[in-house]
Each structure stands twice: as structure tokens, then as C-alpha cells.
């Protein structure tokens, strides 16, 4: 366990990067609003390049072994498919949703994670954790319900975009549970030694890139783009990303905002992994959770390229408070004896 000052510094870095990551997620979709799948493709291939570079360095250093690299890839392929679906669904919905709605709806991840871990891993949970999960679900429902009345900032948003954002969290939660199963199965195959996290992330990202590419015809068709028009769509996305003069739509903010999002997102993931290594998953989870209300507040303000901001309704704010309470209750520490019985 690292020293308290080091953990405090790492926690502060995670909070700052988590807030920046959520805000830039929305801002990156402003210039590429018509090309969310292009941004998904670009982000995914960025992950592949960085993760495999780190994996190679760790293999050369002897941290990653040949046996780890030889682990079965079937579950990793499933992880890649789920993350591709989650990324595409999330970016499609994120381009259409008001900024403050994104961090709220994304917290349904915890609910899906609890369900999938119970179904796929046979996990059982304490009453405290179930109550925390119930509060998270209640907070999401209250926030979504804020758009049911005329004049609220979600009132003009179609239900399909809300559902897609929640579905994106479901796909990502399923991928996280499969990753956990890979570590459990890998420990058995490696005689008690768990696979290096970059083995899972690298191959998972590689399969994710493959599936994002393969799903482009289907996903673009859902957006009303025929398969024959796909090359033109990708070319248009590239022109918009590069913000060339020939672009038919306003792509103000590109390529700076999308690139900044990709860099900050990678930095956030690395910082979160570093905090888990220095302290525990519990500390990392609580630290990342603290960024949710800060992100909601910032995304409600007028921002560059989103000058109008969003007026938060009382029910939306109440939903955010209930959700945060649920996350805190879910992550409260419990005795090691109880923990061993439950998990």
C-alpha cells in the first residue's frame, strides 16, 4: 500500500481527469455530431495503438509472460463486441442528449453490473449493496422523468436516445463482468497468477476495433446511411475531423476537441488503473463517483461550442442526489468476514 500523500495526489488526478473526460466526451461530439461512429472508430484504434505499445513494453520487461498471451481469446472477443456496441450506442446517444444527462444515465452501469455478475458469476450481494443499487436506479428514473413535463430540458429528447445511453451502460457492464471472469479463469490456468491487466485491455481493444469496423454498415444503416454511401460517410467524417474547408457542415472545434477527448480519456483510464494499484478498487470507485455531480454542474453551464447550457430541473437535481447517495452506500466498506461470505 502506498503512502497517504501519494494516494491523495493520485485520487485528485483521477477526479480532475474524470471530470475532464465527461465534459470533453460531450464537447468532442459537437463538431462530429453527424459522425459519431467515425469518432468511435478513431477512439478505438487509438486505444489499440496505446495498449499494445504498453503490452509490448511490459512483455519485454518480463511482466507479461508467454502463457498470459496464450490464454483463450473467445471471451476477449465477446468483450470486444460488447464494448464496440457500448461505444457506438453511447456516442450516438451522447450526440443527441443534453450534457448533464450523460453522466446521470451512465451511472445505470452499476445496476447492470450487479445483475450480470449475479447471473454470470453467481455472485450474491448484501442488503446494503442492493439498497445502494436501488437508489442508483431510482436516481436515474427521477432524472429521466425530469423530461416528462413540457419545458424541462429533456422534454424534447426522444426516448430512443435515453434508452440507447442506458443500453450503452449495459453493454459496458457486461464487458466488465466478462473481464472479471477472464481474470478468474486466467488465474486457474496460470496456477494462481492473474493475467496482466494490459493483456485483457489490449486484446479486448483489438477485438473492439474489429467489431466497430464490422458493425459500421449496420450502425450507419440505422442512421439512414446506405452501405454504398459508407465510404462517403467515412470521408465526410475525416474531412469534418480535420476541419477542412470542403466540409459541408460546420465542424468548429475539430480536430482539437476530439483529439483532446481521446488523450484525456486514455490518461483517465491509466490514472484509474494506477490508483487501483496504489490503493484498492473501492478507493478508485469512490473517487471516480465524486466526479459525477461536478460533471453535471459543469455540463449545465454555457461552454465553448455549447453556449446555451442547460437549466437543471428540481427533479433532475433530486435524481442526481439520490444517485450519488446510492453509489456511496453501495461502496461503503464492510467487514472482511462478511465480504468473504458474499463474494
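Quick reminder: no glycine exception, Cβ is built from N, Cα and C everywhere.
Automatic prediction, not curation, is the source of TrEMBL annotations.
Which of 13-34, 101-122 counts as transmembrane segment depends on TrEMBL, and there it is 101-122.
Between the transmembrane segment (101-122) and the transmembrane segment (283-306), the number of CB pairs under 8 angstroms, six or more residues apart, is three or more, so the stretches are in contact. Sequence-distant contacts of the transmembrane segment (256-276) (same chain, six or more residues past either end, CB-CB distance under 8 Å): 7, 10-11, 13-14, 17-18, 20-21, 24-25, 27-28, 30-32, 39, 42-43, 46-47, 50, 197, 241, 283-284, 287-288, 305. Among residues of the same chain six or more beyond the transmembrane segment (38-56), those with a C-beta under 8 A of the stretch's C-beta atoms are 28-29, 32, 64, 84, 87-88, 91, 196, 198-199, 201-202, 205-206, 208-209, 212-213, 216, 233-234, 237-238, 240-241, 258, 261-262, 265-266.
Within its own chain, the transmembrane segment (159-178) is flanked in space by residues 75, 78-79, 82-83, 85-87, 89-90, 92-94, 96-97, 101-102, 105-110, 112-113, 115-117, 120-121, 140, 144, 147, 204, which lie at least six positions past its ends and keep a Cβ under 8 Å from the stretch.
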